């Protein structure tokens, strides 16, 4: 049987995600971000709610990406997620993209010329942002041009890099309907961005979300809910360079900007430069909020939920892969658990995220 991997955030889960799961074959394993997202923001609803949405709509097994995999630039996000899925035995990776290309060929190219390609990136001027450097590399070696704003295409290339040299086939699915950042309501498939923006419009949600009741009942948060705490974390820290990935230049810019910024959005605007993109700045702010330090990634994989089919698969992995299904006295990943505690502060009605929680079980799909 085919074992298909899907890397996702489901922020929140919508019809486009359901379409992706419907297109996937065999046993479907989702490696999902926890409570903080790749582009450096808190999830609109918590990881358990999003895992349940996925399991109700075709996923067989949902596992959690640790905080320091979830909140990363595309390449590191892709690498960390593929590492986890590879250990869970996937033989194909399905993903949505704005531009369906021969990603398998791109992965083979990276297998062959990866060292040369990375050297090319290292030699590019530091005035370029990391995404600009990566795009220059793909243009040089694969003749790829980047048109407009296509974050899923960028992630797809990160997945191609991550599967290079592994026995995993890539299966791109053409993204349906609205673009990633689109807030347009007049489409067949709405984007997660639009759903977050129109979260109080019930008709809109019912049109585009399969598990709308779960979403409506869940406690929700936005970045601004954490601004007072973020401000405190910045002002009370005498040396921000002790925080993961914060260099001297960024530390100075953030300390200066917090004096006048009245919101997270304003802070991001003030700190962003040509070299430091908004997404990168948001990630740095997420690290500061969660007091992230350089950390070893957990060996064990945290299981958020499964169907009967998923449970059988986990059983077959016993002894080969270290799995955590209940976080108790023994921590799974201290960094992720700390981030979860901070996430809960954004809305006091958010349920406990780790202790006493057990995987969600869905009997039928």
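Just so it is clear, glycine is given a Cβ too, placed from its N, Cα and C backbone atoms.
Given the structure is predicted, the values throughout are model-derived calculations rather than measurements.
The ATP binding site annotation in Swiss-Prot covers 7-20, 96, 152, 175. Mapped onto three states, the DSSP output places residue 16 (ATP binding site) in helix.
Neighbour density at the Cβ, taken as the number of other Cβ atoms within 10 Å, is lowest among the binding-site residues 10, 13, 19 for 19.
In the structure shown, the C-beta of 7 has more C-beta neighbours within 10 angstroms than that of any other entry among the binding-site residues 7, 16, 152.
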